[in-house]
Structure formats: structure tokens, C-alpha cells
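Listed features, source TrEMBL:
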DOMAIN    A:20-256  domain 'MacB-like periplasmic core'
DOMAIN    A:309-424  domain 'ABC3 transporter permease C-terminal'
DOMAIN    A:705-817  domain 'ABC3 transporter permease C-terminal'
TRANSMEM  A:21-41  transmembrane segment
TRANSMEM  A:303-324  transmembrane segment
TRANSMEM  A:349-376  transmembrane segment
TRANSMEM  A:396-419  transmembrane segment
TRANSMEM  A:446-466  transmembrane segment
TRANSMEM  A:701-723  transmembrane segment
TRANSMEM  A:753-773  transmembrane segment
TRANSMEM  A:785-805  transmembrane segment
């Protein structure tokens, strides 16, 4: 019986090639979108879930009460805290202080041997960790050589991960790696005392070099790692804990205020606002507020949005199936009549139709599996590189099974139920009407409307995101950004005179117009200082953004001076320039009123009271997500390491840029021949574009989702129109005989579908308006959602629908009526 | 009214050529009632389709109202057709989704007749064929005879000069058949030219002239008293 079902199902698929194709392709696209999103979401959600006792592992993190009621959070804590925490806080089983260290590694023998160039590995932030032996009691590593009991107990020891050991020493037995020497930053000599297995890919803990904490307790290192600084909080300096079996995070958190009170100087009001709290291990991968420099954070709402998109795409594809198969079923009433007369009951018929759906779904799933790798490739820039697709893994097979059965039931059950309901007598007499307001026709209309509503929401979202992106990139930021290149001088040489020599050299390059010192006007991240304005009774203390600049800075970036004058160059701060927002915050109605007043800020050596010499027009200090904040600028060339170069406006082709960059690099290398830092210049406009990477990625996801939604919906529409025209062939013939023109026939066929599309547009409009308004709330500076967006979206939708309808309707309208009517 | 000379029509499939009309000549005068008879496959329907300007011929001449139309393109033929010719089919060819009234109204819609005139014309013709009382019914709710009367009403609503009837009684019992033939005779008596394809000698007797076809040629003409 089942074999019979399959045979019939296959024949029917082959006979109706257009419908089968539309069904299979539509479902395949929907399923592959689901599959890729499942891969991505399940990968991200699986982070650290291999870790035993993971629900007991936490990171101790810092918070600060900001002045304007805003809190700031830092995943690190002051370096001396961990030692005291371990002793004073109850409920902690193990605690390890950890320092993320971006140190270079070198092998000693390479250095001695003059023939070989020194072998140096540049490690990024996620590779070197200074930690205590407890780290290996908190996190469960598999030891391949050495012992956790002794490995990090004394200074100058290092434990390597297996891949790192192989990178340094090649593929030798791991036992032989023990005892080998390694240098970090040329100055910390270590001996390898253990090798552990690397964590699986679904972990943010990618550290490969574990240096014993005792190594940095020596005097010179103490200072570098600020081990005695209770006031600084550096995100690289962290503490991980494993709580005792019965301890609760709440009870541990409750002990922190008293701890801070005991250790921090309460006279400093800054310390009043400090907080500590536990962050669960499972939160590290998803935290919005705690951004450290080793883990990759994933935006959880984005994942949920993706899941939603996946569901929608699958639903739209399933709708195609329901629509096409219910429409097509009309042609099968006779078969059903015969089967019923011959003794088939409804259940067998339902099973038969579900068999057909099952074959289509299985084929669709098969094709979707083939589509996964290409899709992963297209989106490679924001799919984690560790993510891999293995069809045969039990998770994937399970998911595919569920998707196949789910889609099969979702799209097959209703048509099967509906088709099998035909009464045998009327089926045989062919008296089942194809048109009219039957329940099925109504359902079909509702489903098409739904599809186009979803597509329209996607279209509107795409237009709005694109408009906002364009707005962000083209908005007048209050400064010039074109043909400006920035780079940093060697960090190790910030205080020397070398950078001034470099500046002089750069000025001699004819293509360079101006050179200036100072961080770019708008940048990622920020640094603020507490600045006080005190005159008479009035005292205004604010956290103010700052830029250290030189006299070329304001002319170079084309920043407008509203009152007063430009800054004069100085090694240490002598005077201030502030922005308009700050002037207003200080209560000056006009910019010129601020000039001549004094501000006090706390520097390294006490308080400085300096005059305001100028007020500049507001320019954007950060991305357009953030509103413009108060700003002061001063000249302190001694400590500034960022160099900006403006290239002459003539001859700015990309090859010209290349030669200028080459000249700049040559000058840089001459001044810093031994620099370990790579010379990495950035074009300022590109750096600004990078502020909006997240939006760009979102736009790409949305564009794709829109494309897929439209494609699937239009395929459904195409198939349905193909079917209706086939059903209405005779009617079209009659109408042509009676004098209908081609245009009139096309109108007739398109009208019904267009009505549904237009209805979809109207339903989608408020939904899209609401959703995109939510999204725009992320931006301090944003576009207005204006009527033209909806008009454009509507026109786009109608045009697309018309195109997919027109092929079939033109074909039908051009058909020779003699052929259509020759049925007798 | 129309004059056909040496008309040829050949149907080709991959390996068979079927000659449907073989140098056929025929003239029909204004006001005539002509019946075309012959066995299946003799070319009756093909001839009717060509006269109805639904199909074109390979060779020959087709003068309609003194105008050579054999080389007319689809659009001009359609235009000529909708002004001059009404069709009645064996299987009625009513549109299931439209009511009797709407079916009859359709040719007027395509001619661009305004609403008031349409109403008046449709109602007049429905009265004439005596199905005014079923004007709001759908075709499937009518008997065969009523359906064919509706089809005839549709064919004549725009007062065409020529009515082409393709076995109009083929699907009807004799009572209903006679009613339809009576209707066609009345229309003819009112001045409309009628060309009818039929298998029924009984029906053919309603005509003035019977043309008998065989293998795409006219083999005999009977002029009836």
C-alpha cells in the first residue's frame, strides 16, 4: 500500500512539473534559511556548555555610578582586589586573579643564533593569560603533560595548550615540551610546566599560554600590572570564581558593598559610586554591558530576531505548498471520486496526500542541505569561523528530521484533509466548483495576504535601514573626514621626541597638506574626565569628554571656532577649548561668554586650573547612536601618540593614495626601525563607516530575508496564477470570443491577486512602522519615517507581484480561443 | 455579406499534415440562414472558426462586407468580430462565475457601451428569450435549454449582423432544441444572417440552404423551399 502511495505520488510530481518545482524550490529555500539560522543560533547558545560545574562559575565585575544617573560597567576589577576577595568573601570555593596580556612570545635559542632571525609570535588579546593555579580548578582542562598541582605554583612557569605547544616546538611528544624555555615580551622568561588540551570551539576561553601569577608579583612587573592600584579598573584584570556547592550568587553579591567600604578611601567621592557583582559564566558570551577584550559578544535579541525570521520564511514557504496543493486539488476530484467508489476511506486518502507532501519535503530538505555551504560562504563575514556544518552530526540529523516532519504536517495536513473531503458523486460528476467564495478559496486569499504582509514588512524594514545607514554616513558630523589618514606612533615611544621628528619628516612629503597630533574627532569608545567649573556660588562638576590636540587639529578637520581663538601648541596643558554643548551646560547663553572663564581638572599631579580660550561648534564625538556630549580640548603634545595626515585634494585616485601611504610608511620605519607594532594607517572616513558595522550586518541579514521572502511569495503567486489561468482557460477563450482585448484579460487575471497584495501592504504598514521605530530608538540621530518610504515600498511590492503575475497572464491572454474552447 | 474563395487550411503535427479545408469556396448573402453539414472531421468547425475570425487560413480570400480580411492581424480581426458576429456553442460556453445577466452583458462591456444602455439592451434581450426571471441565477442553476437561450441572448445582445451557431442543439433534448431553433429563425426573420453547423437534418430544415462538406470541400448544396 505504502509503495503504491509513493508510486502515485512520484507520478503526480512528475506530471505537474511547474507546481512541483515551485513547491520544492520554495520549501528548499525556506528550510535552508532555517537550517543556517539553526546552525548559528545553536552554536552561539552552546557556548561554555561543555564546562562541568558551569552554573557555579562566575566573574567578579565592576560598576560605577555615573553622574547623570547612568551606570558604567567594566568586566575587570582593580588588580589588588582578587587577593582580598579570596580571603574575605564567603561562599567562594576557588578564586583566580587573571590578567589578559597581549604579549609577544619568542624562543630563546632563536635569539642567540645569529643566523636565524628571531622567531617572534605576536599574540592577540585572547591568547595569553596570567593566572593562578586555581584557574585550573575553576575551569576543567584536560592535562596532556605536567600536573595541575605543580604547574603554576612558582614564578616563571607557563602552561601551554596543545596547539600552542605544537606552534612553538613542532610536533614532538608533549612530554618533551615540558622544561622548554619561552620568553614573553623579551623580558619574562618562563619554563613550560604543563600542556593542556584546547577547549572546544564553542568557548570564548581561547587562551593558549597560561603564565603563573607569581611571575608578575616581582617588583618591576607589579607596577606594570598595577597590582597595588586600588583606584584603577582595567578590563584586562579580572577574577574568576567557583562558588561552593550551596552558595548563591545573591549572598556573595551582598558581601561586596562592605568589602568596598573597607578597602576604598571613602573621602574620594568617586569611590562611593563603585560596585562589584558576579557575572555568570553563561552571560559572558551575551553581555551587552560587559565588554572585555578576549570574548566575542553576541547580541541575544539579534539571535531571537533571526529565529523569528527563520520561522517566518519557513511559514511563507509552507503557505505556498498549502495554496498550490489546495488549488491544484480541483484537478484531482475525479481521482478521489473513483478511489472512494472503489472503497478507499478518508484516512487512506489523507495518508496518500501526506505521502506526496513527504516526498516534496524530503526533496526540499535534501536541496536545502546542498544550499547550506554556499549560504555560509555568502555570510562568512559575520558567521563565526569556528562554525562548521556536518550533516551527519546527530544534532543536525535530528533537526532535519524534525523540520521534514514538521513542514510535512504544517503544509500537508490541511490540503490532505480538504481534498479527501470531496463527496464521491459530485467528484465523479465534476461538479466541484473551482471558483467562488468557498472556504478554501478564502483561506488561500488569507494566506497570500499574509505572505505579502510579511514580505512588505521586510521591504519596509530594508528601506528604512538603508535610509538610516545612508543618513549616518552622509550626515554633516561637524568636521571633515575625507583624505585624512590616521595612525599611532609606537606605543613604547610615546614620550620621546621621535614623533616630532616624524611629524617634521611627514611635512616634507609634498602630497601631504597638514599633519596634526590628536585622537580623531569622532571615535569608538570614549574617555572622560571630571572637570569642575566654579565661580562664586556656582559649581558645576561634569564628566567631560576630552581630546588632546595641537594647533593644526581644528583647521585640519575643518571644525568651526564660534568664539575665541585656536589652541597654541604646548607640551603640557595650558588652556582649554570647549564645545558649544559644554558651554551651554555651564550656563553660558552665547559661546563668547564662556571665553576667559576657568575650568579645573585633576591630572596626574594634582589639580590644574586653566582658562577657556575658545569655543567650537558641536561636532560628533562618537557614532550617531550617541548624542553629542560636553567636550574640552587641550594641547598636551607630550602624551599624544595619534597622528593625522591630510592628503592634498588634487590627485586623490587610489594609486595616488597608495604612493602617499608608502611614503608615510617609509618615514615611519626610518623613525621607528625596531617597532613591533605594525604600521597600520586607517582612512578616517573608513573608520567612521566602521562605527556602523552592526547596522551594516543587520542590513545584510534584512536584505537577504527580504529577498528570500519576496522570492518565495512570488514563486507562490506565480504557481497560483499558472494554476488559475489553466483553470480559467475556457473562460478566457469565451471572453476573447466575445471581444475582450489582451489588456482586459491581463487585468482580469491580475486584479484578484493585486487586491490581496494591496491589502497586505496596508496591514504591513503599521507593523513595519512600529517595529522600525523601535529599531531607530537606538540612534540619538535618526531619520523620520516619512510617507515616501511606504509609497516606495508599496510600489515595489505591487511591481514585483505584477511581474510574477504578468508572464502567466500574458501567456493566457495570447492563447488562441479556438484551442481553449475545443474541449468537446 | 461574406464571400470565401479557394480557402485552404492545413493542420500540421510532427509527422502528419491534415488538410482541413481544401480550396473551399462559399458565399453567404445578407439575411440568409445557412446550415453547414457533414461527417465529423470534414472541416465544418474549422470553417466556422475562420468565418468567426477566431482562426486564420493559409491561402485564399475571405471578403467580409466587401473587405478582404484574410491578412488582418489579431487585433483588427477581434475588433471586427466583436462588432459584427455573435457566437452560439454546442456546450453553451457560459462563464460559471457570472450570473445570467452578467454573461449577457459581457459583449456590451467589451464594446464599451455605457451602463444605462447596457441595462436596457440586456433586459430587452432576456425578455425576448424568456429567461428574464432567471437573470440573477448562475448557469449551473439553469436547465440546458435555459442555458442555451442565455447563450443565444448573449450572442445577439449587441445586435450582430451575423450569428454563428456551432451545433446549438447538440446538448439539448428535442423540446429545448426546437425552442432554440425557433429563436434562431426569429432572429433571422428580423434580418440577422445565421450560419449554423449541425449534424441534425431536422435542425437543418430551419435553414434556407444546406451546404454539405466532405474532406474540406463543398460537395453539395440544397436550396430549401
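Every residue, even glycine, has its Cβ placed from backbone N, Cα and C.
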State, in range form, which of A:303-324, A:701-723, A:785-805 has the highest count of Cβ pairs under 8 Å to the transmembrane segment (A:446-466).
A:701-723
PLDDT averaged over every residue in the domain 'ABC3 transporter permease C-terminal' (A:705-817):
87
For the transmembrane segment (A:303-324), what are the same-chain contacts with Cβ under 8 Å, counting residues 6+ beyond its ends?
19, 22-23, 26-27, 29-31, 33-34, 37-38, 40-41, 44-45, 357, 360, 403, 407, 410-412, 414-415, 443-444, 447-448, 450-451, 454-455, 701, 705, 708-709, 712-713, 715-716, 719-720, 723
Counts of helix, strand and coil residues, the domain 'ABC3 transporter permease C-terminal' (A:309-424), according to DSSP:
96 helix, 0 strand, 20 coil
